[in-house]
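First up is the structure itself, then whatever we jot down about it.
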Amino acid sequence: MTAWILLPVSLSAFSITGIWTVYAMAVMNRHVCPVENWSYNESCSPDPAEQGGPKSCCTLDDVPLISKCGTYPPESCLFSLIGNMGAVMVALICLLRYGQLLEQSRHSWINTTALITGCTNAAGLVVVGNFQVDHAKSLHYIGTGVAFTAGLLFVCLHCVLFYHGATTPLDMAMAYLRSVLAVIAFITLVLSGVFFLHESSQLQHGAALCEWVFVLDILIFYGTFSYEFGTISSDTLVAALQPAPGRACKSSGSSSTSTHLNCAPESIAMI
């Protein structure tokens, strides 16, 4: 077991705690309305007697979308920090998992595509975290679309990769868990997108709830990589960073420890 096992758990714990903290700050600073509020008005008049605490009068501008929660300071500062640090951790997890599969002689187009989608997800998170929706709407929406779509593709591809590599009952149980998480992610992302396109306050609020479920679901999925990361070594990162054509392979008579790859053609699994 290595310290790398803490990386996926840290990503999940840090990000989930962070975005809920951002939400709590936004509610207390009256920048969004609570998720339990389903009543929205066309407009609200300022009430001088209403000091602190959640809003009692809400408009569509107060729907608690995750991005909306991180629009205004001070919560926007924490939101950007979460986006940037989360992106680095996501990219590192994707790279390590890619290298780990290469060590297992599982160099396939699915593994390569999963790496690309994971890194694309990380890039989208950087854009989302640093370009707030009220100040750079187009860039923020592009970043959100890229991050969410790439994140969904990443979890689906890794469901396939893990299922085909499962050998024990515990592996199969983890494969089923990840499949359930992938299905939940797909359903909530589709519903969030459909609801968001409508101007109905109820559907907009539903879009916000689906978005929260989607993001939490994806973060939990990333956390499950701790199951595999106990076997990661320093050679894993080397395997991931080596270019494909010149990847060194360990022969039976060689003392090289650059990778754990087996070069026998018949041992290379294509999925």
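Each residue, glycine too, has its Cβ placed from N, Cα and C.
What Swiss-Prot records as N-linked glycosylation site, among ASN37, ASN111, is residue ASN37.
Membrane sidedness, as given by the topological domains in Swiss-Prot, is identical for LYS137 and SER200. Following the DSSP three-state reduction, the secondary structure of ASN37 (N-linked glycosylation site) is coil. When the glycosylation sites ASN37, ASN41 are compared by the number of other CB atoms within 10 angstroms of each CB, ASN41 has the fewest.
Long-range contacts of the topological domain 'Extracellular' (200-211) within the same chain, counting only residues at least 6 positions beyond its ends with a Cβ under 8 Å from a Cβ of the stretch, are 35, 37-38, 40, 60, 63-66, 68, 188-189, 191-194.
Of the candidate ranges 76-96, 109-129, 141-161, 179-199, 212-232, 212-232 contributes the most Cβ pairs within a distance under 8 Å of the transmembrane segment (3-23).
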